[in-house]
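Participant: Below you will find the structure I want to go over with you.
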């Protein structure tokens, strides 16, 4: 029984590692998005895109039997963090251009 518990926990640890790698990849892409938005003169906040994401997450939660509230909370955190990264990236870019 102890071995089974250890095996399950190891799988959970592996999943956690994959989740964090995917978050890092998402963060990196957020910087790319910021650069393109800056070139196009598009604001960081995009309520239409956020609505699309939340609608999509609700649908995916149903498909994968995940509590919708948890899915939405996770993506609220990710979206807010990515917007903060985009703002930081733009500020750094603007400061470099001033020098």
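Yeah, the Cβs are placed from backbone N, Cα and C, and that goes for glycine too.
Here the structure is a predicted model, which means the values were calculated and not measured.
OK, Swiss-Prot features for this one:
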type	residues	note
BINDING	26, 37, 46, 50, 86	substrate binding site
DOMAIN	1-90	domain 'Chorismate mutase'
Participant: Tell me, how many other CB atoms lie within 10 A of the CB of residue 26 (substrate binding site), whichever protein chain they belong to?
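Facilitator: There are 14 of them.
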Participant: With an 8 Å cut-off on Cβ-Cβ distance and a minimum sequence separation of at least 6, pull the same-chain contacts of residue 50 (substrate binding site), or say none.
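Facilitator: In sequence order, 79 meet the Cβ cut-off.
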Participant: What mean pLDDT score does the domain 'Chorismate mutase' (1-90) have in the model?
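Facilitator: In the predicted model, the domain 'Chorismate mutase' (1-90) has a mean pLDDT of 96.
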Participant: When the domain 'Chorismate mutase' (1-90) is classified with DSSP, how many of its residues are helical, how many are strand and how many are coil?
Facilitator: 79 helix, 0 strand, 11 coil
Participant: Over all pairs within 26, 37, 46, 50, 86, the annotated substrate binders, what is the largest Cα to Cα distance, rounded to whole Å?
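Facilitator: Value for the max Cα separation, rounded to a whole number: 17 Å.
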